[in-house]
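Structure first, then comments.
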Amino acid sequence: MRIAGAIKFVVAVALFLLTFYVISQVFEIKSYTNLGNIFVRSAIDTVAHPTTKAPRYRCGISKVCPEKHFAFKIASGAANVVGPKICVDDNILMSGVKNNVGRGINTALVNGKTGALIETTYHDLWGGEVGPFIEFLKKIPDGTIVLMATYDDGATKLNDDARKRISELGSTLINVLAFRDNWVFVGGKGIKTKSPFEQHIKNNKDTNKYEGWPEVVEMEGCIPQKLNE
């Protein structure tokens, strides 16, 4: 009897181990199958939805410009610390890195037909005089694209004559530009209408981002190429 009982016990253990083995093998197969399905789905998703970088447009603006237009991006200075930046057709014309900006109104002149840079300059309208700035404005050739950005203060020495000449370039906000306001503008010599490219942030102690200065004002867009004589 003892031998028969031992045999039954051994058979029971063997059946248990066999059952466990079969179940584990089936589970393992299913696991591999599931993992395979996951990898297959992942590969299909990668092919169907490939990762692509967002396109970069000229001057880093948010859209592509139409044909016969120049992309531009312009930013005023930040307080009296960081200078303005002017980019046209993917070329940085003025910036602190280029070391060609300064306190006052910073100006870049661009050929309206080719987009080529004509001149960059700045006029100190806080510690300097307005006379040289007026003479500069008088000599801008017709058909020239004019880009302007303030840094620190661009208004203290502005007089009616200077404001009138900037207004003739297409500005509508130059007459309200005041001490330490931030302002950016794109216009043209000989323009027949007011420019759509102008932004202004007033110096206001209650809303200023920096102590004594408003936040930086930025603007981007597409300037139509001058086609007619």
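Numbering starts at 1 and runs along the chain as displayed.
Heads up, the Cβ atoms here are built off N, Cα and C, so glycines get one too.
Positions annotated as signal peptide by Swiss-Prot, on the basis of sequence analysis: 1-24. What Swiss-Prot lists as disulfide bond is Cys59-Cys87, Cys65-Cys222, and the listing cites similarity to another entry. Annotation source Swiss-Prot lists domain 'GG-type lectin' at 68-226, citing sequence analysis.
Features per Swiss-Prot, on structure.
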residue: Cys59; record: disulfide bond; DSSP class: helix
residue: Cys65; record: disulfide bond; DSSP class: coil
residue: Cys87; record: disulfide bond; DSSP class: strand
residue: Cys222; record: disulfide bond; DSSP class: strand
Open item on the list: Between the Cα atoms of Cys222 (disulfide bond) and Cys59 (disulfide bond), what distance do you get, rounded to the nearest Å?
Closed with: 11
- [ ] Measure from the Cβ of Cys65 (disulfide bond) and count the other Cβ atoms within 10 Å, all protein chains considered.
- [x] 20
- [ ] Could you check the disulfide-bonded residues Cys59, Cys222 and say which one's CB has the most other CB atoms within 10 Å?
- [x] Cys59
- [ ] Inside 10 Å of the Cβ of Cys87 (disulfide bond), count up the other Cβ atoms and send me the figure.
- [x] 22
Task: Mean predicted confidence [pLDDT] for the domain 'GG-type lectin' (68-226) - done: 97
Task: Integer Cα-Cα distance in angstrom, Cys59 (disulfide bond) to Cys65 (disulfide bond) - done: 11
- [ ] For Cys87 (disulfide bond) and Cys65 (disulfide bond), determine the Cα separation and express it in whole Å.
- [x] 14
